[in-house]
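Colleague: Swiss-Prot lists G109, T110, D111, G112, K113, S114, T115 with the feature ATP binding site.
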Amino acid sequence: MKFPESLKGLKILVLGGGISGNSALNFLISEKAQPILCDRNQPERTVVPFFPDNIPPQSLPEVSLVIKSPGILPTHPILSYAADKKIPVVSEIDLGRYFFKGKIIGITGTDGKSTTTSLIAHLLKESFPDLKEGGNLGIPFTSFCKESISLAVLELSSYQLEDSSPLHLDVSVFLNLASDHLERHKTMENYFQAKLKIADLSNSNHTLIVSEKIKERILNSISYQCKLLSFGKTSDSNAFLDENSLKIKTSKFVYDISKFYLPGTHNRENLAASILAAEEIGGKPESIQTRIPLFRGLPHRFQIAGEKLGISFINDSKSTNLHSMLAGMATWKNIDQTCLILGGRPKQEDLKPLYNFLIKGIGCVVLFGEARATWESGIKNIIGEKLYCVENLNDTFEIFKKGNIFPVPGLNKDIIIRLSDSISISSFVFSPACASFDQYKNFEERGNHFLSLVNDFLDQIDS
């Protein structure tokens, strides 16, 4: 929709609080609009009228616009009422986009969005020193959309995109697509179409960057006029990832990625996408190359949680689906001495890829949370006594504490933890492959709990 040039005096309903909704609320107040908040929970203090979100819609004050928070289901009665009354419904991203005057790179995909958003911003920091990153990652767009900055790098989730009008971004990145959020989108086609809303397909001045698989899908079924670029491991990709030479080749530069810090093919593919986006928006290749080795990743994403005497712990709490976990583990070494910690609230996913991974061999698996109800039987059929089932992460570390510590022959003071006669572990990888909401507010709280348990455990090991 086209926003009025001034929001002053307009009655606008913000449906859903949270980070996004509250940011939109504050922006509307700053623009002298007359916002109304409608949410499940009443805030302790608010300077605007509040209504519970289960109120009969006809009891709400008359408004000219609804701003929907991404967590609100499309079937909410207030949204149906707005549609009947022809009241426009927009997203917080729509609101920010209308008032922002700089260039925008948007990033979406099932996995890797946050890392890629942060990586693109990192690569462009010299070329665009005033840039800001945000959206679904960190800072809501409306909290800085009226600042005089040259570039915004935005992570955009499918929830945000399905609510948005055409965003007319300068560069869009669609990383990958795997089964996720089907409780919301119902089908993979709906999920794909929500993600694809990031693209300005009919605009020849727009650049859409996609994986090889998504490019093939677009070429086979979708009409487009935008500039379509791909990244991947085939030589005809616009950003060709050569795993043998550790180079990424574009039409403008050959990048040395041998000192790129993040492990795994999936992270190198994210880097290839990031390089293309950085080039397309105007980043200088020499500057991009200089910054590649300096990126250290984000917390809770295959982060080293602790190391001592050859024992290592990895915190990958951001892994909230099987696709993410399997991508991280694809190049993991010493798998037969690795304890994989899985669990939480599982999503509607095919478990065959998990079984195919485990059948190749694993040190052991600890399974916790709600996932035990649906995952235990299938995993046990494959790895038998190498599966431990517990209630929570605290119980997980009780298993580790009961293990016996043995020195590794010929390796100075290095040790291994023997959990049973047949299970000896040197690496503990926390990559849950499930949502956190059965026991935690979010994946960050879950990851921080894991980090604290790791610190306590390693403190008890004598040097």
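Note: Cβ is positioned from N, Cα and C throughout, glycine not excepted.
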Colleague: Including all protein chains displayed, how many Cβ atoms other than that of K113 (ATP binding site) lie within 10 Å of its Cβ?
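Modeller: Here the count is 23.
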Colleague: Test of understanding: give the count of other CB atoms lying within 10 angstroms of the CB of T110 (ATP binding site).
Modeller: 20
Colleague: Is T115 (ATP binding site) helix, strand or coil when read with DSSP?
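Modeller: Going by the DSSP assignment, T115 (ATP binding site) falls within a helical segment, counted as helix.
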Colleague: Name them in sequence order: residues not among G109, T110, D111, G112, K113, S114, T115 whose Cβ is within 8 Å of the mean position of the Cβ atoms defining the ATP site.
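Modeller: Near the ATP site, beyond G109, T110, D111, G112, K113, S114, T115, sit I107, T116, L175, N176, N270, S324.
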Colleague: Measure from the Cβ of G109 (ATP binding site) and count the other Cβ atoms within 10 Å, all protein chains considered.
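Modeller: I get 25 for this one.
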Colleague: I need the least crowded one of these binding-site residues (S114, T115), counting other C-beta atoms within 10 angstroms of each C-beta.
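Modeller: The binding-site residues S114, T115 were compared, and S114 has the fewest Cβ atoms within 10 Å.
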Colleague: For G109 (ATP binding site), what is the secondary structure state per DSSP, taken as helix, strand or coil?
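Modeller: Assignment for G109 (ATP binding site) reads coil.
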